[in-house]
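Straight from Swiss-Prot, the features:
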- 28-92: domain 'HMA 1' (DOMAIN)
- 99-113: compositional bias 'Basic and acidic residues' (COMPBIAS)
- 121-188: domain 'HMA 2' (DOMAIN)
- CYS242: cysteine methyl ester (MOD_RES)
- CYS242: S-farnesyl cysteine (LIPID)
Amino acid sequence: MENPQVCECYHGDVEEEKKKKQNNTTSPVHVVLKIDFHCDGCIARIVRLSRRLEGVETVRADPDSNKLTLIGFIMDPVKIAEKLQKKSKKKVELISPKPKKDTKENNEKKANDKTQTVVAVTTVVLKVNCSCDGCIKRIQKAVSTTKGVYQVKMDKEKETVTVMGTMDIKSVTDNLKRKLKKTVQVVPEKKKKKKDKDNAEVNTKVGSPCQPGNGCTHGIGPYRFMEGPMTGFFSEEDQSYCSVM
């Protein structure tokens, strides 16, 4: 824009309720916002939206610096900026007065809480008599309309309905009973079988399989002692002759 223009508009008639709120503050507040102005129509639209905000009496738009000044008995400048951003669908930045650190920390905590909130998805199996296609359609419609239901699976042979989502199980069963006028049972989950430790055999013997109980010999047999008279080692004819030799 070649010729910067300053648009100043005054809010005329003020309702009595707004006057009572204005009396709570001693002096008007100057709120400076940064917003992108594209054309004259954009300026007029933003000024018109700003005049409708609570507590705003005077609006000054400076297209050259992309600043919008709101003057009035404004209780919360942060909320004013948020409302204007929501209505104008443009990015609005609060320049002054600067928000307190406490409000910034609270907003950051709220944002973190929203991102960290994880909803647990549960799966429940219901036993319902569904003998015909009409019953199946009615069951699917009744379950799918329940709040928090993500997925519905039907098993006609087993007559079971598997429901997945963040719903309340009691609300699902009550809804089915009321709409179908049939008995609805919750199928309990199967518990995993524990291993029988008593039947497990524990080998406590030490030694090789061929020689149990003799200990580890590392391939060398145990030492043996030859019993008997020493004369057995010698010849009967010549006792000085050694049979070992």
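Cβ atoms here come from the backbone N, Cα and C positions, even for glycine.
Secondary structure counts, DSSP: the domain 'HMA 1' (28-92) has 24 helix, 19 strand, 22 coil. Secondary structure of the domain 'HMA 2' (121-188), assigned with DSSP and counted as helix (H, G, I), strand (E, B) and coil, comes to 24 helix, 21 strand, 23 coil.
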